[in-house]
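To start, the structure itself, in structure tokens.
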Amino acid sequence: MFERFTEKAIKVIMLAQEEARRLGHNFVGTEQILLGLIGEGTGIAAKVLKSMGVNLKDARVEVEKIIGRGSGFVAVEIPFTPRAKRVLELSLEEARQLGHNYIGTEHLLLGLIREGEGVAARVLENLALDLTKVRTQVIRLLGDTAEVSATNGQTKGKTPTLEEFGSNLTQKAAEGKLDPVIGRQKEIERVIQILGRRTKNNPILIGEPGVGKTAIAEGLAQRINNRDVPDILEDKRVVTLDIGLLVAGTKYRGEFEERLKKIIDEIRVANNVILVIDEVHTLIGAGAAEGAIDAANILKPALARGEMQCIGATTLEEYRKHIEKDSALERRFQPVMVGEPSVEETIEILYGLRDRYEKHHKLVISDEALSAAAKFADQYIADRFLPDKAIDLIDEAGSRVRLMNSQLPPAARELDKELREILKQKDEAVRSQDFETAGQLRDREMEIKAQIAAIAHSKKGDEENTKEVSVVTEEDIAQIVAAWTGIPVNKMTRSESEKLLQMEETLHGRIIGQDEAVVAVSKAIRRARVGLKNPNRPIASFIFSGPTGVGKTELTKALASYFFGSEEAMVRLDMSEYMERHTVSKLIGSPPGYVGYNEGGQLTESVRRRPYTVVLFDEIEKGHPDVFNLLLQILEDGRLTDSKGRTVDFKNTLLILTSNVGSKVIEKGGGGLGFDLSEDQTESQYGRIKALVNEELKQYFRPEFLNRLDEIIVFRQLTKDEVGEIAEIMLKEVFTRISEKGIQLEVTARFKTHLINEGYNPIYGARPLRRAVMRLLEDTLSEEFLAEKIKEGDTAVVDVDDDGKVKVLLGEKLELVAN
């Protein structure tokens, strides 16, 4: 019998057992069932009793008057009294007479009244209730609910189970609760055609997440409500089924199947329901315990025979993973592909939705903001789909503008802070019974509240006088895109414009020489930030080639630090780690079946997380040649597909490849035959070296790879003067480190000249200088530290004697070059 009970009826029985325990009785009688009915609170029985003035407290008093309290010993299993069992049987009979195939709280109450001789009936009589009137009221309420469901659903038959686990979209459309559906005429027409079939009349909407599959079902409901459909669909109602709610609370075996069968039977009898199941793949496996059958198999016969019309919606991936595997289920559904709308169609959709969002956020959304949302979403948000991502931009921009404009003025915020402090002090004064202080604080509290109210009122008055309405502009959309992706789309401030114009100067503070490289990188960044770059290619792609130790990797670090915030704000791939052929998979992720398949690739995952960044392929020639094949798509189209089939967008990255190809040529000096008659010998030598390096690159890299690069930049060898400037930078770094230990360090001009002579090597660049600083300065100082010759607070001067030996002098002031 209990399998027919509704969840509310089961709750009543459980509450009845609790009442028995509370009173110390080891049985459940009619009086406990009555207390359970009142205590349940939400069922028809509880509503009827409440409307007639019965409450739980009074009922408990009456029950205790009649039967008193028990011994206190209560068994775990509490049996029903014969009279209570009789009530349950009568409630089943009442349900049958009313044509219901379930037992609810209303049937239990009718059973109690019909039994008429138990303690429950006496309690109701003692509470001045007429049992006949209670019965009439229950039946009337049952009739009303049936009528309400009939009128709301335009139904011929009653569908209580479907209404419990579903949501009527046609009714929502009539109440204006659905967003308007713009476009999608072809898809809706195709859905209507499939619904008009005699058998297998079940369309399934397949498309990427966020393209508007559910919106098509809502569009159909709106059309039915507007009578803009063929006559075969005119009286239909569209009901969306909640699979989660259907499964929830099914504690016992067969309960889920029974619910689903009831829904199928109700739809078959009503014959005017179009069932919508969003995320239709959840049917497969839903409710399937060990040995039980799942929802999909229960629905199959009804779907094939045309007894029920069902619209499913799922993504391409889930369709392939779940439904295509079950060919018997697949043939019952007719696929309708829902593609991503174009930018123009998205703008139309946004125009249609504008009123709803303006009403919600209480502001105005400009036409430029709508166009910008569609264009920016398409260009900068790669891993989601239109129109969903564009709608999200509008929604969040509206929220941002509203919150910014609804904030209190600074004066009111200060007062609010003071008010909180006064309230805290007042509470403490009351607790310590210092009522005089509490009274003074209360007066101050009233003053501050009045001041805050006056400021808020004047702000509101100013807004009303100026008739200013908050407006969402293109700039607001750009701010949201920047917050989501890190790509600066918003208009440049004057300070940022100046920063970009002075970029070469700033980079030269760290990179000595190498004008060509610094200028090329700066131009690329400016082009991208102003928005003049090709939107389908990366910001720029360079090969930095040339001798070792001249600043190729350092320039990339300086760029990341200056423009992207920190040296770490770049994706750095040391190609020496990709020397074997199979390590290429580390870039885009392991193929299926291999270890690490679910982890994604180092390159693709980094760029997906941070789409606006510098990507550095360091020492490119050390990697396996197959790595270069991967780079072809990135360099040309700014895209790469990872091992899971996801397209990663490289259109907002700056690609830099460093290489030492040609360093042997540079080592030889690039000298030509005959006399050098040019005025500038250095320039002609650089020209020859550049030509030779380009030839070497052509021999090493494929032409289709080199042809895709924006520029091949050959770095110059460092002159002695440039090494002197680099020495200044390195010495400053040492001074900073040693000043943290409380020591002031100075070097003489003689030491500096000696350092440059020791560290200058045109073939190896600045690295010998770094070694010279370490050997001559850092090693000497560390020995002095350990010998405790230098202590905190000292001023140390580093010099060299005539033999070239480094000396550390304390407190002596010599001719200083660097501080």
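For all residues, glycine too, the Cβ spot is worked out from N, Cα and C.
These come from Swiss-Prot:
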- 2-144: domain 'Clp R' (DOMAIN)
- 5-70: region 'Repeat 1' (REGION)
- 80-144: region 'Repeat 2' (REGION)
- 162-409: region 'I' (REGION)
- 207-214, 546-553: ATP binding site (BINDING)
- 416-451: domain 'UVR' (DOMAIN)
- 472-663: region 'II' (REGION)
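Everything Swiss-Prot records as a feature, shown here on the structure.
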residue : record           : contacts (Cβ under 8 Å, 6+ apart)
GLY207  : ATP binding site : LYS213, THR315, LEU316, MET337, VAL338, GLY339, GLU340
PRO209  : ATP binding site : THR315, ARG384, PHE385, ASP388
VAL211  : ATP binding site : VAL338, GLY339, GLU340, PRO341, PHE385, LEU386, PRO387, ASP388
THR548  : ATP binding site : ASN660, SER663, TYR764, GLY765, ARG767
VAL550  : ATP binding site : GLY513, GLN514, PHE715, ARG716, GLN717, LEU718, GLY765, ALA766
LYS552  : ATP binding site : ALA517, PHE544, SER545, GLY546, THR658, PHE715
Dominant neighbour of the region 'I' (162-409) in 5-70, 80-144, 472-663, by Cβ pairs under 8 Å: 472-663
Helix, strand and coil totals (DSSP H, G, I; E, B; other) for the domain 'Clp R' (2-144): 100 helix, 4 strand, 39 coil
Secondary structure tally of the domain 'UVR' (416-451) (DSSP, helix then strand then coil): 33 helix, 0 strand, 3 coil
Cβ atoms near LYS213 (ATP binding site) (within 10 Å, other residues, all chains): 24
Neighbouring C-beta atoms (10 Å sphere around the C-beta of GLY546 (ATP binding site)): 27
Per DSSP, three-state class assigned to LYS552 (ATP binding site): helix
